[in-house]
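Below: the structure, in structure tokens.
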Amino acid sequence: MNPLIFSIITFTMMLGTGIVMTSSHWLTMWIGFEMNMLAIIPILMKKYNPRSMEASTKYFLTQATASMLLMLAVTINLVHSGQWSTTNPLNPAASIILTLAMAMKLGLSPFHFWVPEVTQGVHLPSGLILLTWQKLAPMSVLYQISPMINLDLMFTMSILSIAIGGWGGLNQTQLRKVMAYSSIAHMGWMTAILAYNPTMALLNLTIYIILTTTTFLTFMTNSTTTTLSLSHLWNKEPLITTIILVTMLSLGGLPPLSGFLPKWMIIQELTKNNSIIAPTTMAITALLNLFFYMRLIYSSALTLFPSMNNTVMKWQLNQTKSTALLSPLTILSTMILPLSPMLMLLE
């Protein structure tokens with residue numbers, strides 16, 4: 001793709017997200033979603049092949065359906081209130097339809113089927129954008145309407161997402177699908193706390209984006225896409241492999257690492273609001289995520305035959321791509337937990 005055209009498309013995608021996040025008018029918010037959707041399609045098809053074409057088509061159809069539901073919700077609200085402003089209280093029916101539209105855009109269960117297929121069909125940089133940047137606009141809309149969200153609907157979708165995000169990733173050998181199911185589970189955690197403490201949902205989103213970006217950047221340094229290539233990476237780039245494994249443990253929510261912080265704070269907040277069954281169910285189903293990350297670590301690092309590293313290293317190494325962002329992101333992915341006393345100010 002021509003670099004100038006790619007820059008224009010990327011700018012349009014970012015501008016669309018910015019319009020959604022800053023808009024106080026439902027029509028301009030819908031325009032922002034459309035700009036973002038139409039701009040990301042060429043990014044998903046940057047490396048053109050039948051798989052990326054299929055993935056882009058699935059993504060387009062899903063997002064177009066969600067945009068249609070968004071306009072339906074806005075129209076219902078307009079008929080009842082006569083207002084276009086996002087700050088006005090929503091009609092209950094409009095609130096439910098709008099929540100379903102944003103759930104479809106985020107990939108929450110039961111609208112999660114497109115996420116693994118689309119992520120698997122595109123190359124790693126596009127997958128990174130899909131699982132990080134594309135979550136910002138729908139989450140900002142849910143943040144704005146959080147006082148009017150139907151609590152039962154949101155909790156049902158959240159717990160389903162956490163469970164399906166864990167079950168779906170159990171037998172995966174493709175790392176992009178693993179990250180997709182991890183994304184579904186993390187979205188479930190974010191939306192579970194949205195009605196009680198929206199700021200905490202944004203904290204969870206920030207930590208999720210840091211962890212996912214770190215993981216994808218380490219995959220991109222050596223074009224690692226399968227469990228097999230991850231196990232081969234150990235002899236070629238032991239440091240990068242260690243970063244991948246530690247970041248995966250953090251994504252799973254292992255206590256000493258950064259990924260444990262949002263889960264801990266969300267469970268604490270839910271129990272303060274006299275909700276006991278939901279956080280218990282969420283904590284138990286989150287173990288499924290940790291299990292499939294542990295399975296990846298076991299198959300890639302702990303099943304190697306004992307040998308000196310220098311005896312099995314390749315004599316001819318490919319040039320690895322370096323990135324300046326990887327070092328600070330790795331630190332953030334593993335060491336945010338000591339900052340948690342300051343984050344208690346969010347409560």
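The backbone N, Cα and C atoms fix where each Cβ goes, and this holds for glycine too.
Marked as transmembrane segment by Swiss-Prot: 1-21 (among others).
Swiss-Prot lists 25-45 (among others) with the feature transmembrane segment, giving sequence analysis as the kind of evidence.
Residues or ranges marked as transmembrane segment by Swiss-Prot: 59-79 (among others).
Summarising the annotation, Swiss-Prot assigns transmembrane segment to 96-116 (among others).
According to Swiss-Prot, the transmembrane segment annotation covers 122-142 (among others).
Positions annotated as transmembrane segment by Swiss-Prot, on the basis of sequence analysis: 148-168 (among others).
Positions annotated as transmembrane segment by Swiss-Prot, on the basis of sequence analysis: 200-220 (among others).
Within its own chain, the transmembrane segment (240-260) has Cβ neighbours under 8 Å at 182, 186, 207, 210-212, 214-215, 218-219, 221-222, 224, 230, 233-234, 286, 289-290, 293-294, 296-297, 300-301, 320, 326, 330, 332-337, counting only residues six or more beyond its boundaries. Annotated transmembrane segment per Swiss-Prot: 240-260 (among others), in sequence order, evidence recorded as sequence analysis.
Per Swiss-Prot, the feature transmembrane segment maps to 274-294 (among others); the stated evidence is sequence analysis.
For 325-345 (among others), the entry in Swiss-Prot reads transmembrane segment, with the evidence type sequence analysis.
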Hey, which bits of the same chain come close to the transmembrane segment (1-21), Cβ under 8 Å, at least six residues off its ends?
-> 28-29, 31-40, 42-43, 46, 129, 133, 136-137, 140-141
Best-packed against the transmembrane segment (59-79), counting Cβ pairs under 8 Å over 25-45, 96-116, 200-220, is stretch 96-116
